[in-house]
Number of protein chains: 10
Amino acid sequence: MDKLAMTEAVMAAKADKGLTWETLAGEVGLNPVFVTAAALGQSSMPREYGERLAGALGLSGEVVDALAVCPMKGTDQTVPTDPLIYRFYEIMQVYGTSMKEVIHEKFGDGIMSAIDFTLDVDRQEDPKGDRVVVTMNGKFLPYKIW
Amino acid sequence: MDKLAMTEAVMAAKADKGLTWETLAGEVGLNPVFVTAAALGQSSMPREYGERLAGALGLSGEVVDALAVCPMKGTDQTVPTDPLIYRFYEIMQVYGTSMKEVIHEKFGDGIMSAIDFTLDVDRQEDPKGDRVVVTMNGKFLPYKIW
Amino acid sequence: MDKLAMTEAVMAAKADKGLTWETLAGEVGLNPVFVTAAALGQSSMPREYGERLAGALGLSGEVVDALAVCPMKGTDQTVPTDPLIYRFYEIMQVYGTSMKEVIHEKFGDGIMSAIDFTLDVDRQEDPKGDRVVVTMNGKFLPYKIW
Amino acid sequence: MDKLAMTEAVMAAKADKGLTWETLAGEVGLNPVFVTAAALGQSSMPREYGERLAGALGLSGEVVDALAVCPMKGTDQTVPTDPLIYRFYEIMQVYGTSMKEVIHEKFGDGIMSAIDFTLDVDRQEDPKGDRVVVTMNGKFLPYKIW
Amino acid sequence: MDKLAMTEAVMAAKADKGLTWETLAGEVGLNPVFVTAAALGQSSMPREYGERLAGALGLSGEVVDALAVCPMKGTDQTVPTDPLIYRFYEIMQVYGTSMKEVIHEKFGDGIMSAIDFTLDVDRQEDPKGDRVVVTMNGKFLPYKIW
Amino acid sequence: MDKLAMTEAVMAAKADKGLTWETLAGEVGLNPVFVTAAALGQSSMPREYGERLAGALGLSGEVVDALAVCPMKGTDQTVPTDPLIYRFYEIMQVYGTSMKEVIHEKFGDGIMSAIDFTLDVDRQEDPKGDRVVVTMNGKFLPYKIW
Amino acid sequence: MDKLAMTEAVMAAKADKGLTWETLAGEVGLNPVFVTAAALGQSSMPREYGERLAGALGLSGEVVDALAVCPMKGTDQTVPTDPLIYRFYEIMQVYGTSMKEVIHEKFGDGIMSAIDFTLDVDRQEDPKGDRVVVTMNGKFLPYKIW
Amino acid sequence: MDKLAMTEAVMAAKADKGLTWETLAGEVGLNPVFVTAAALGQSSMPREYGERLAGALGLSGEVVDALAVCPMKGTDQTVPTDPLIYRFYEIMQVYGTSMKEVIHEKFGDGIMSAIDFTLDVDRQEDPKGDRVVVTMNGKFLPYKIW
Amino acid sequence: MDKLAMTEAVMAAKADKGLTWETLAGEVGLNPVFVTAAALGQSSMPREYGERLAGALGLSGEVVDALAVCPMKGTDQTVPTDPLIYRFYEIMQVYGTSMKEVIHEKFGDGIMSAIDFTLDVDRQEDPKGDRVVVTMNGKFLPYKIW
Amino acid sequence: MDKLAMTEAVMAAKADKGLTWETLAGEVGLNPVFVTAAALGQSSMPREYGERLAGALGLSGEVVDALAVCPMKGTDQTVPTDPLIYRFYEIMQVYGTSMKEVIHEKFGDGIMSAIDFTLDVDRQEDPKGDRVVVTMNGKFLPYKIW
């Protein structure tokens, strides 16, 4: 079972059972973004978690195997056309150089890891319209001097 | 004075005076990321703030004018090559579809605004290596049904 | 049923019954452009409208489900080659900077939302040749100062 | 005087005199979007109008000549990165196929001209936030059968 | 029947019957380039002509329907690699700016329509080697001043 | 004197003297499109013609030298954004495959030369609006079988 | 039978019979590069040769038909990634401008035809390591002055 | 003196003295293509040859130094637009896969070196029109098995 | 059996038998990177090794044949999106010019061969976190002077 | 002093003094690749090292300042055209997927850091031709499960 078939199986079972990523993530014991990324074939999920996810969805061990495979990550579109995803591209285009300045000022030369990294999506209530809060938390990696 | 000359003037004065974005932002009364974005020509800064920034840097009113102009935003590189900036592109490539799933689940069809939007960069101390925390906070905009 | 199969089902039923987007939109109670966008898999259609659309076309509840899914929007062509669609790309290329100037003059720094947004296509009779009138109406979103 | 120098001269005089596109357009007797497009080097302006524009700005006949030249139109960025301009690209990406369906239904095979074409930008007051209204009006051109 | 299946049906019938585009165009009463464009799915053919084409090829009414649909025009290759087609790209690259100069001189600001447009391909006998003559004939469209 | 300086010199002299490409071409004894292409640095002009062109414009022998140099042809934009030039790209996109079919039917496998090639631009009067007629005439080059 | 199926049929028969391009070319009476190009769908092969090729491979007349069709030439990769093919791209990148200088010096303004053209691949023995010799032979085509 | 200034100096001196690449190459004792490549900044020329080239052109030692520097090779255009250079791109597109087949058949898996490589451009007289003969000669490099 | 089917067969057998690349490479007598590259269709594997690999995996002679075919190398993504693979692109972007300087200083003008080339991946234990060591070893190829 | 001026100053002083990267690196006490990367504006060099480098080259403190700035890394070419640099792109294209397989097998899901990273270039003597040995050493970063 390849990642594509795995994703289809997960999506179909999730829809059939009327489950949410939130609920599934609770059963698995991990963050909903991580669980979704694994289900969409963008992260590998260790077997102990994969078994809980497959269990919650009533799926076979093949799905557990497929979830554990290290995926070929990323997509085919260089610039995303979906508006929701594009906004993150726009943020990088508009604020990328500013984040670079501020991170270098706070930490010196180096980067925020996108590997030793977590990402949360939260809803913040607001009378003028609720807000999406995306929190990225990555280890600072200083450039090695050699 | 165009945005390029403005950025050079700000960077030179900031270096001469040995100021940080943090300090400047404190004087201006805005977030360091916003102040940096204005200084780099990626945001327009209202005159009341621009005057404080120019004042802190010992710069003329021309800089205030230039800061207030609505800039042509974004950069020339479709895919950024700078590693620090690229990681945000990578996060969009790898987690973009997951954020889409989770935001739609939490909010319905729509997007996180990148306009009614704030961005913070913080340092989180950690014995295994300090962490960069980037918090994006944007109003949820539901698609209009018409 | 994925969006592709949904579109094929809608197009086939529409052709079989000899219906127009105009008529279908009237039955659904929404704008023809919105209904077409939903049918082509570029907008999500809430179930109450989807049921009317499926009803008018004699299609099953699976189509209603598929219409309600939040789609991955946009197409694969960076620059469209179809002449009708290309003209909108050309308008953006030629008049984009002018619209930017005029909108900033009228509203300050910010953008026209493409989310809190409606789009109408009308026919204007004209003895020298009828005219297409496309009206875009989007909420002005001012940049947040933070 | 080439188009670039012409644009700089117009922008500088406009800023010095504290004029708006709206006012200038009134003096010239044309639409603000058209006047801006000519000033930015994206449209040619006939001499009779160019003289009025130069007059209002206190500029020389060289500017009138430069305004009358047929420009090389469009910009260098295939996908615009400026958020305001990008939204028009996004509208084309998301609603292009729907506009195609609806225009073909209303008019048959052909396109909306972007040459025999006008474009208005208006402000619509709205208690929930004012709205930008962009009206595109182009002659329908049917494909010739030959 | 979609355009792809339609093209395959036409090509197969044309090969089986040993017909040429020239002959088919004669039966349909239109130009061979137009008939080929319709057969390849790049033009829509009104039903009265489509019936003659289908008749000449011994094909069903489904082909007539498919020929009448407004196609999504153009191809996937930004720069064509086929040498015959590439030469037209090269002509645009090398002589595009010259045609622009000469057309503006003869007609003023505006363009040659590619919609109210005909295209002929002829063979010119020449003792040094016969020549291909491509004649493009498009209505001049002056830019509207508004 | 490089090609860029040469083009500027020619354009300035042509404007100063109020000459047209048509007139200049008459003096040189060549087609206006060819003369324009040489002036814009897209064709090399043999010295005998270059002297006549320089003479008509009152320019020095340096221009004659520069006109005679074999230029690096083509432009930087892969897809042209200028609407007049783009239409030729569109014609290639939409009718390229049809021209290929018809040329192969009339001539066999091979191409229309873009080198042993002439291009005329004419004005055809028409009560419904004058028409631009572009005639491309290139030697047919059959593929060698080896 | 389309070109893809034709190539597969030829490759399978060639492998089954243990034939080389060299041998097949000998049977057909043409150059191995040309025969390979026809087999890979990049050249059209006249029926008289196609029959010999099909005969040598024990294939049907359908293959002869398919070989005779004028193909859509070139591939999908703008920059080839295969190292052997890339080296020819590199040669064009590094020595293209030099070949241009030398050909113009030897022949005047014009090009080497890639249509009235032959290409040989030979093995040159060398004690330091045998060498590949690629000989390209194309008619010089002078630019027409018109 | 950088490579750009070096090329300009060489081109100017060559034009002033009315020398050809052929003559210069004779003086230097190397192939005209190599000498041109060095002059255009695409090859490094060892000092002993550079001195002869500078001597023949009456240029200073700075040119010798500049010729000896290892250049950053290649150009900015991914697909060349100049017709003469494009034909080599086209040959790679059309015959690249065939050369791959034939070279692998003659030599096994590996490539033709573009480094241990020579390139000759010759004129072959032909009553039907003289021909350009380009001979590429590169060491075969077999892939290492490790 | 084409390369794709071959890769699938190898991956399936490897997973079924629970073998590692390390073990398989030991059985074949070659480096794990080379064996993986052959299995993924990026290198050709001589039959003697292919037989050992097929033997270890319990696969048929068809796999041996497929492994021995010279593959079309490289992938479709110009810039890789997978983070692990991207880092090698980043290293080339960031350190490419430095490696060029240092290699030219140590060896003169020429390149490191990627054909007469080996690549090792090793694990270096480190108390601060184990390290990946990639060793590339390629013959230096000096540019030929001709 | 920006990075470009800094690089020019370093290159000029290095050439004037006839120093090598090897020698300079010895004086600075760092690896030649790192020193070159800093000099070319691709790495930031801490002031203590920058002072030694400036000292060895007889350059001012401005260079030390410029060396210490965090640079905007990478280059403008998506696919490098320089043959030496391209080979590293090719290695990524051809062996990227194999390195991914082998690293995942040895380490689990994660990547080799290009930040906590060193790179050595060595010369390995070999009677068949000396070899370039490039050693990349990066910390393995496992993906965080969250």
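The backbone N, Cα and C atoms fix where each Cβ goes, glycine too.
Since the structure is predicted, the reported quantities are computational estimates derived from the model, not experimental observations.
Over in TrEMBL, the protein carries these features:
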- H:74-146: domain 'Cyanate lyase C-terminal' (DOMAIN)
- H:Arg87: active site (ACT_SITE)
- H:Glu90: active site (ACT_SITE)
- H:Ser113: active site (ACT_SITE)
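Shown here: features listed in TrEMBL, placed on the structure.
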residue  : record      : Cβ neighbours (10 Å)
H:Arg87  : active site : 26
H:Glu90  : active site : 23
H:Ser113 : active site : 22
Q: Select from H:Arg87, H:Glu90, H:Ser113 the active-site residues whose C-beta atom falls under 8 Å of at least one C-beta in chain E, and return them in sequence order or as 'none'.
A: H:Glu90
Q) H:Arg87 (active site) to H:Ser113 (active site): how many Å between their Cα atoms? A) 21
Q: Between the Cα atoms of H:Ser113 (active site) and H:Glu90 (active site), find the distance and write it as a whole number of Å.
A: 20
Q: Give the residue counts of the domain 'Cyanate lyase C-terminal' (H:74-146) per reduced DSSP state, in the order helix, strand, coil.
A: 25 helix, 27 strand, 21 coil
**Q.** Mean of pLDDT values spanning the domain 'Cyanate lyase C-terminal' (H:74-146)
**A.** 97
